[in-house]
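Heads up, the thing below is written out as structure tokens.
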Amino acid sequence: MIRVRFAPSPTGALHIGGARTALFNWLFARHHGGKFILRIEDTDRERSTQESNQAIFRGLDWLGIDWDEGPNNGGPFGPYFQTERLAIYHDYAQKLIAAGQAYHCFCTPEELAVKRAAAEARKEPPRYDNSCRRLAPEEVQQRLARGDKHVIRFMLPAAGESIVEDLIRGRVVFKNEVLDDFVLVKSDGFPTYNFACVLDDHLMEISHVIRGDDHLSNTPRQILLYQAFGWGLPRFAHIPMILGKDRARLSKRHGATSVIAYNDIGYLPDAMINYIAKLGWGHGDQELFSRQELIESFSLEGVTKNPAIFDLDKLNWLNGQYIRNILPERLVDLCEPLVVAKYGRQDFTYLSRVIRLFQDRLVLIPDIVNLCGYFFEKVTAYDPKGAEKYFKKDNAKAILSALGQRLGQLDPFVKEHIEAVFKELAKEMNLKLGEVIHPCRLAISGRTETPPMYDVVELLGKEQVSARIQSALAYL
RNA sequence: GGCCCCAUUGUCUAACGGCUAGGACGCGACCCUCUCAAGGUCGAGAUAGGGGUUCGAUUCCCCUUGGGGCUACCA
């Protein structure tokens with residue numbers, strides 16, 4: 001049974017890197033018909049917050065990544081919040097102590113800082129000096145009874161190597177001597193990441209640990225723990241990180257990092273999924289993937305080793321692709337609130353026809369607001385360059401006035417007839433079609449670029465078109 | 001500092017020892033066209049550097065350089 005997990009720590013919103021780790025795990029599970037588990041690693045009491053939990057749920061929800069076991073829906077291996085599993089960590093820590101593979105350490109953070117500084121001054125690696133290993137059992141009992149602050153440390157095997165057989169990177173060997181007696185349980189009684197992670201992955205029967213590259217160096221410590229407990233290892237797959245434009249780890253400095261912020265900016269979740277799936281993974285030359293196609297094609301073999309830079313250009317292109325491909329009704333649903341917020345309540349039929357006119361012209365959903373204004377508001381200004389070009393001509397007045405007159409008499413006011421009016425007028429006045437259309441466009445929209453003119457004229461309606469042409473004539 | 005990972009156009013990537021190093025975004029030109037988009041065609045643009053191994057290296061090995069990670073009572 002394939003069982004994978006996404007294990008974020010709730011110290012902020014779900015961001016791009018986390019979202020992709022979640023996605024790869026989810027795709028892997030869905031591809032193999034396995035289970036995808038969400039586990040919240042909230043053992044950092046200082047930084048974990050309830051709001052972050054919610055933000056992570058919302059982010060996953062927005063992306064459409066659902067979990068088979070985890071918070072809210074539970075599961076047979078719960079609880080899925082690490083802070084609710086404290087008794088488990090405590091038990092296993094005691095087992096390790098009893099087996100002589102872990103010990104109590106009473107060194108204070110201050111003492112450790114001094115030792116570390118001294119080691120660095122001697123140009124030695126800043127490792128723990130194992131001093132508490134040698135404490136007499138009586139002294140340990142005494143200090144424990146006294147309630148002295150302490151941590152529990154892992155007793156590192158003296159020598160040997162820890163070998164990570166990584167599904168993406170191949171065999172990676174670490175010498176145990178470069179590690180030190182790392183902390184398993186903090187003085188507040190909470191487990192550290194490496195300890196809780198191993199226990200939970202084992203207890204939750206995780207088969208594949210798919211996680212960011214930043215954990216590769218942690219893996220030897222974890223392997224040592226699996227071995228101390230006599231447990232088999234899960235398969236490991238370390239995926240490359242996502243970096244910002246400056247090749248540094250993605251952070252606030254790189255703009256929007258939380259996945260939900262992209263919703264607010266106007267990206268579609270499917271476009272985001274498609275984009276982050278392709279960051280560090282590929283399948284031939286295919287660029288566009290539906291969810292179903294991603295599930296079908298995804299495999300760890302297709303994952304690259306090199307870090308990827310998060311670049312908005314391709315996301316923008318993808319978003320445009322997705323906007324063009326969604327059902328017009330759905331586009332209307334997405335755009336309506338924004339348009340209403342800006343221009344007030346509108347007749348729905350009219351509003352939805354307007355929005356559909358712009359389906360090929362949006363990169364981001366909110367682009368609609370700035371493109372469609374003249375359909376809801378009077379034209380109060382003319383594009384200066386356009387006015388210079390189309391209104392300053394000698395025949396501008398004649399064209400607009402003739403056009404206004406004919407359109408004013410047109411009945412029914414429909415596209416085919418409107419088109420005929422423009423064509424006939426151009427012919428009669430011995431003008432190119434554009435010479436009629438351009439001034440008209442400027443007159444009725446104030447702009448030099450709009451959707452095709454006959455559509456705009458028809459949708460705006462006879463009354464508006466006539467009025468706007470009159471205003472333009474007055475302006476001339 | 002020590003250990004580990006990574007290295008193909010500006011960006012995402014393909015080529016898993018063998019054609020003129022392929023595709024996508026972006027960029028430029030052209031076509032379409034009433035404008036803007038969309039769409040189509042074409043173009044510029046890369047194997048970080050140096051050593052090996054080999055008949056032959058993007059591909060395998062080593063060194064250098066560059067970037068990233070871990071080295072916490074963060075995860």
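Cβ coordinates come from backbone N, Cα and C, glycine included.
Annotation for A:Lys252 (ATP binding site): no same-chain Cβ neighbours under 8 Å separated by at least 6 residues are found. In this structure, A:Lys252 (ATP binding site) is part of a helix by DSSP. Marked as ATP binding site by TrEMBL: A:Lys252.
Annotation source TrEMBL lists domain 'Glutamyl/glutaminyl-tRNA synthetase class Ib catalytic' at A:2-317.
Feature annotation from TrEMBL assigns domain 'Aminoacyl-tRNA synthetase class I anticodon-binding' to A:331-473. Along the domain 'Aminoacyl-tRNA synthetase class I anticodon-binding' (A:331-473), the predicted structure has mean pLDDT 95.
According to TrEMBL, the motif ''HIGH' region' annotation covers A:8-18. Beyond the motif ''HIGH' region' (A:8-18), the same-chain residues lying 6 or more positions past its ends with a Cβ under 8 Å from any Cβ of the stretch are 40-44, 47-50, 52-53, 55-56, 58-60, 212, 241-242, 250, 257-261, 276, 310.
Per TrEMBL, the feature motif ''KMSKS' region' maps to A:249-253.
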Summary of DSSP states over the domain 'Aminoacyl-tRNA synthetase class I anticodon-binding' (A:331-473), given as helix, strand and coil counts: 103 helix, 0 strand, 40 coil
Three-state composition of the motif ''HIGH' region' (A:8-18), taking helix and strand from DSSP: 3 helix, 1 strand, 7 coil
